[in-house]
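Undergrad: Got a structure here, written out as structure tokens. Questions coming.
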């Protein structure tokens, strides 16, 4: 297929609506007015209405569409086939036995999906029927939102949301601007300014707006919220006036009008073509490692099922080779049966055996897993420890399918700004021509009040430098997009610059800009306002200076700088530019570059965010040339961004350096503790950031990603300029492999004291070179492998100067490596979305860079520190619970169906069922489903506080350890053993049978009537009690709910059996179970048999667990034993490392780390554990009891201890 399906669909849809001459732009006629004759052809295009549809189904297509989606699942389709086979051919069991569970699963899922879709319909209707005000023939009329059309002129009032994507025509403000919050789109609560075109801003009444004669040409709808290219043609005279339209003129659906009384705007994108609707796109489906294991196990069990059916079919025909057995006198075949071909008969028998044994595939497991994931996700949302009071936000679960994946994470990729740091900027200092200024501390070299104790005193600049200094301060007061809010509140939140005064405050989409403008205010230059295209600032002499704002060259992540062109009151024109040092220094032709560069590098090492400021004077000819370049680029409909970038590049050159600023972005609370805990849990943490290397490295040291003894390896542009990339990679590879002897760090479990800690730093440019596909004949083909080899042997990696796409590439590279590790990406901004979507698990931080990361993530948390509990506690629990759920389901179904297989050897392979139809149907639905569901929601094998305190326990469940093949085989063998005990135990205990006087079969040793249904009921009773007791033995965390559900399910089984066999049900044609259960329970030996068989079934598993826990306990089991010993108070004991199995000859390098896979055979290290006795005021030491330490040796040394500290060896 040369063409992609989506492309084909798009082409078909275009031709179907008659758009053969498809263009990448659309023409909109404002107010649906035709242009004047002779100007251009009037072609009225067809656009969709303003109806929003987020629902998946309609009333008519719900059943077929939902059924199609559900039967795409392999298990559902398999059970449908089995059900149809039961209907078509004569099978040993009723179609109800497989039809009812399937119907239950399909119905529950359909109800859940239907309810969710009904809520979407309800939300859609509320939006689509919302009233909007439209200007029609000079009057304002109300209509429903869904009836809005492209070209309608809309009136929007303050605090109203925009009903569709609009182009601003005019507003109640004289300068034609309006303020908007886009919180519902990207989470940014700051007020953004949008502009009307100069020619239309004066039309601010209904009748005036109705006289506007104009057309808009713009691009076809596309989902980028921040990009728009268009042009408005206004017919005022004979020649139309063309003006450019950009994202600053476009009001997006879902945004809200603020601090502006009203606006008039024209609809250009409606309904499902609005940018908000285009961003509804569904994320790609992520599947967890547990789900993949489940599917692999299902394949194995399907093979077992087919094998059983084949064996029984073959043995049946071996059995029937004797004519007397094939056709006994009491069961003669019909003529039709004799004439059927043997192959058809064999195939029919094979299908009948498949139906008989099909319960080995647990269809109800899927619905139980779905319910466990859905209900379990609420525990994250209800967790009060993950509630942030400052934000008033809780953790959010967007995808419950990945809960257990949180317990399998091996790599964490984190953003820096706003994720590790607070993104709460504070102005620290600025440097002008080498002179340093600290607000309220040093200004002009004079120590100011409140600066006592500071060790940085700078010399006063000379008179010649005074002009440069003031130019620098003016540059920072003018080069920004900050708005000034005159009132003292915004959305109910008080903001004030001066203490005690509610004068004005600054709002901006970038926290850096507000910090810089506030910093200048503290240094004596106050930005006042932007009014009528004029920026006003208050200088140190309290004089107001006015500058005409001529052009704004907006910031973008590629240029990494922004500029403004202003005209001073004296007539001089300046270009002020601020940006990253790497983007400013190459464009500077004069200024004290060395002094400023030195200061920038020093600040970067201290972890401060730095910006450089430069300027250029423009004479009238130069400005005219600049104006023409920008105008040409702005009016372009094709490649506008590219043309603007080229124009900006030509304008922002020949700059004179003024100085630099330093802003601090503080580390988030407990960020360092979280990273250290992740390290101890065996998780590798990578920081991916767009910041410069020095700043990012300083943050990494502060957050304990790098330690002081970490040996830093650099793979940066600076180094690859000195050596070829090939040589640098091979040299770094030799360095790490020389230390580790060719083995990865995972082999050492990061424990050996002799093992050097390596940290790698790589920048975006070098990464591009590494990722570039190798040319034939070159050596670059294996760069990726070498890079991965180096990374695997580093404890931490820092990637700086990264573009958003490169972040996703890094995650994809690690995902695709040969170990296929589970990855987690965490970030707070739009630039992190690509890596969040790429990683196995994506987590969004509810930060200050908008909510795009939160919307696109699988989980969202208020702060980075909550990641610790999310992984180490919730992830650990979810994985433990679901792994037990999966193994237990397969185990109980093996126990259930293997006796049925054995029974065929005793009934002539006649496909006679061992159990009654009601038991077959309700075994998985009622008798055994609730206890395991409750277990999978509530089990806590270790106290929550211990999991938080000892991250090393996370290693016990790493790499899907509880769902590996040996564990799966053990559970299967255990199921087969239990089935054999149940079947043959019942068989031999009731072996001697005689006929009673009335012809009934009775056992001589029990005097109990005994037939096939009694035998089957006995086996089934033992089965239900055994599998339920097995779950009870595996439960560590008991509550009244556990007791109620586990013992309640057993009572329900007994009560149901009594009712089912004790009453003659009128709706049954025959009642083969009548009085069977009561007859069985009336026999004393039957009770004894049930107890003996249950004990014999459970005993091997119990003995195995006791021996293993005694001789070769895992770290988890040691802590469980200790917790029982200290009656649940173990979380108060300080060093849990005393319970860890140490690695041979290793010293403890990081607190209480242990091996990823602790060896069971190694002895304990003797430790002293600290505790504070509840009643005593002082602290004491004691030697751990039993086998946790040698009880014959006591420490004689006392300690004064006041909190959690390191472990102390004896």
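Backbone N, Cα and C define each Cβ position, glycine as well.
Those TrEMBL annotations? Automatic predictions, nothing curated.
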Undergrad: In TrEMBL, one of 14-32, 33-51, 52-70, 71-89 is tagged transmembrane segment. Which stretch would that be?
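TA: Checking TrEMBL against the ranges 14-32, 33-51, 52-70, 71-89, the transmembrane segment one is 71-89.
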Undergrad: If I go by TrEMBL, the feature region 'Disordered' sits on one of 1114-1137, 1138-1161, 1162-1185. Which?
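TA: That would be 1138-1161, the stretch labelled region 'Disordered' in TrEMBL.
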Undergrad: Need the matching range: TrEMBL marks transmembrane segment on one of 330-349, 350-369, 370-389, 390-409, and I'd like to know which.
TA: 350-369
Undergrad: Of the residues in the domain 'P-type ATPase A' (131-204), how many are helix, strand and coil by DSSP?
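TA: When I sort the residues of the domain 'P-type ATPase A' (131-204) into the three classes, I find 7 helix, 39 strand, 28 coil.
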Undergrad: Just to verify a number: CA distance, residue 555 (ATP binding site) to residue 415 (active site, 4-aspartylphosphate intermediate), in angstrom, no decimals.
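TA: Taking the Cα atoms only, residue 555 (ATP binding site) lies 20 Å from residue 415 (active site, 4-aspartylphosphate intermediate).
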Undergrad: For the domain 'P-type ATPase N-terminal' (44-98), what are the DSSP-based totals of helix, strand and coil residues?
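TA: Taking the domain 'P-type ATPase N-terminal' (44-98) as a whole: 27 helix, 0 strand, 28 coil.
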Undergrad: Where else in the chain does the transmembrane segment (918-938) make close Cβ contacts, counting only residues six or more beyond its ends and a cut-off under 8 Å?
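TA: Long-range Cβ neighbours of the transmembrane segment (918-938): 93, 96-97, 100-101, 104, 359, 362-364, 368, 371-372, 375-376, 379, 881-882, 884-885, 888-889, 892-893, 896, 1016-1017, 1020, 1024, 1027-1028, 1031-1032, 1034-1035, 1037, 1039, 1041-1042, 1045-1046, 1049, 1052-1053, 1056, 1060, 1073.
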Undergrad: Who are the long-range neighbours of the transmembrane segment (968-990) in its own chain, taking Cβ under 8 Å and residues 6 or more past its ends?
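TA: Cβ under 8 Å, 6 or more out: 293, 297, 300, 887-888, 890-899, 902-903, 906, 1003, 1005-1006, 1008, 1010, 1015, 1018-1019, 1022-1023, 1026-1027, 1085, 1089, 1092-1093, 1096-1097, 1100-1101.
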Undergrad: In whole Å, how far does the CA atom of residue 801 (ATP binding site) lie from that of residue 415 (active site, 4-aspartylphosphate intermediate)?
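TA: A Cα-Cα distance of 12 Å.
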Undergrad: Measuring Cα to Cα, how many Å separate residue 609 (ATP binding site) from residue 415 (active site, 4-aspartylphosphate intermediate)?
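TA: Each residue's Cα considered, residue 609 (ATP binding site) and residue 415 (active site, 4-aspartylphosphate intermediate) end up 15 Å apart.
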Undergrad: Hey, which bits of the same chain come close to the transmembrane segment (1044-1068), Cβ under 8 Å, at least six residues off its ends?
TA: 916, 918, 922, 926-928, 930-931, 934, 1017, 1021, 1024-1025, 1028, 1031-1032, 1035, 1074-1078
Undergrad: Looking only at 417, 831, which of these binding-site residues has the biggest number of Cβ atoms within 10 Å around its Cβ?
TA: 417
Undergrad: Considering each pair of residues in 415, 416, 417, 513, 555, 578, 609, 689, 690, 691, 801, 807, 831, 832, all listed as binding ATP, report the largest CA to CA distance in Å, no decimals.
TA: 26
Undergrad: Can you tell me how far the Cα of residue 690 (ATP binding site) sits from the Cα of residue 415 (active site, 4-aspartylphosphate intermediate), in Å?
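TA: Just about 9 Å between their Cα atoms.
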